[in-house]
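Trainee: Quick one: this structure, given as structure tokens, is what I'll be asking you about.
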Amino acid sequence: MWLSILLVAFVVGVIATTHLFSPWIGVIALTLGVSLFGLRQYWRGNLLLALLAAGYLLRLAIIVLNSQLGVLTQPDISVFHHERSAALAGGWLEGQFTVPLSELAPARDTSLMRTVVAYLHAPFYVLLGSWRVAGELGTAFYGTIIGYMTYIVSTQITTRRNSIFAAGAVVFWPSIVYRSVVIQREVLVALAMLMMVWISLRFTQPNQLYERAPEDDVWQITHWTKRLPMGDIVLLFVAMVVLYVMRPENLAVAGVTLVVAFTLRNRHVPWRFVVVGGLLLPILGYFALNFGDFVGGQTALTPAGLDGYAHARAHGGSTYLADLHYRSWLDILLYAPVKVVYFLFSPLPWDVNGFTNFLAGVSGWALFIATAFTGRGFTMLRDHSEKRAIIATYAVSGILAYSIIEMNAGAAFRRRIQFVPVILILAAIALSSISFHDRSATAEMDAVSPSDSENSITTAEN
């Protein structure tokens, strides 16, 4: 009790000192606090939290150095996010909790997406003052959480050791680190997508109610949804709202993944396929017919609409394959392989034209190496066919959809971080089975079988 009071008093004192004297006081206190937390977790054997703390400290160091050296380019949107978030935090500090952002920052666009980003970053400005570093440290926090989300997704399909390995790789992955030190929405989109994947994996657990009362049709029809954990439903709703606000076109990928999840969940009850399809097909149909409303265009989901949207995004010095045009669905199919390569691994070596491009390329080339292992990792999940279907649906539908509409290496660099965690999870599973001393089938099974304790936890949660 007294320890908690002292901790709260210390935090309040640091915040007050930071606002009265210098924001560096808050940064130093944050650095010491995270460092001590990470060391304590390492000494206690909690490698996951130690890695996450180290990942956040790396981001913090990059942000602080960049604030003094100005090496990293700050997109205009990052500056605008900073101004809106700082204005909102300033209003809170003055007691204006109910004043809308449009009045606190009248000179800036306060659309729903930008407003949500401001609300998610404003608490960090309250702590550290109206300094751009405060917002960047907020983005760094959300970017670090991607590592934890990777871990909990991975524990659904493999061992804790492999999951920690995958989470560590993700939290230090170059493209994710870079997207975590500039104030943008990309890490928030990635978090929402990973949350959706995690819940989809949990939903694939069969509905045991049917097996318990196969003769009671009324009970089946009325109560089958009660087997869905309420916590999962709430988290799924939050993830869908975030996607709708941040990037509504991602709802198509989420919808396809959830259709597969619910289908697999009810695979022992055939009539539920009709129910799930009847509920979800109209939603997907509405998306196809109103594609322009989601992506800002004027057309339905047609080759011409996709071509127009893709070429509208093909601007600046980092465009690729700008000469390709979609005149039919066959064109989309034929161009898909090369578009996937460019989306995942660009800028390719022959497209590098500067140091920044080279750094971005290193991340893509490393991802190419990791992708080479995903086939083996995916094959090793053969005893988890329903979960393998979820992973495949999410990765294939998402990567293919973005590859079709993306023709800008910079945008591809940002948007593929949604899929990097899944690729690295599969690569971690594959690498865990490689041994110079033991290539037995038992070793391979141990690499993908979650521990008994993890299974019991999942069962209890469901």
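Placement of Cβ uses the backbone N, Cα and C atoms for every residue, glycine included.
Whatever TrEMBL says is automated annotation, not expert-curated.
Annotation comment: TrEMBL describes 6-39, 46-65, 133-152, 187-204, 233-263, 269-289, 328-345, 357-377, 389-405, 417-436 as transmembrane segment.
Quick one: how deep are these features, and who are their neighbours?
Mentor: Distant neighbours of the transmembrane segment (187-204): 117, 120, 139, 142-143, 145-146, 149-150, 152-153, 156-157, 176, 179-180, 228-229, 232, 235-236, 238-240, 242-243, 246-247, 250, 253-254, 257-258, 260-262, 264-265, 386-387, 389-391, 394, 398, 417-418, 421-422, 458, 461-462; these residues of the same chain sit at least 6 beyond its ends, with a Cβ under 8 Å from one of its Cβ atoms.
Non-local neighbours of the transmembrane segment (328-345) in the same chain are 303, 306, 320-321, 364-365, 367-368, 371, 399-400, 402-404, 406, 409, 412, 416, 419; each lies 6+ residues outside the stretch with a CB under 8 Å from one of its CB atoms.
Residues 157, 193, 197, 200-201, 204, 249-250, 252-253, 256-257, 260-261, 264, 295, 306, 309-310, 313, 326, 332, 336, 339-340, 342-344, 378, 381, 412, 415-416, 418-419, 422-423, 425-426 of the same chain, all 6+ positions outside the transmembrane segment (389-405), place their C-beta atoms under 8 angstroms from a C-beta of that stretch.
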Trainee: Sort out the residues at least 6 away from either end of the transmembrane segment (6-39), same chain, that have Cβ-Cβ distances under 8 Å to it, and list them.
Mentor: 49-50, 52-54, 56-57, 60, 64, 126-129, 131, 133-134, 137
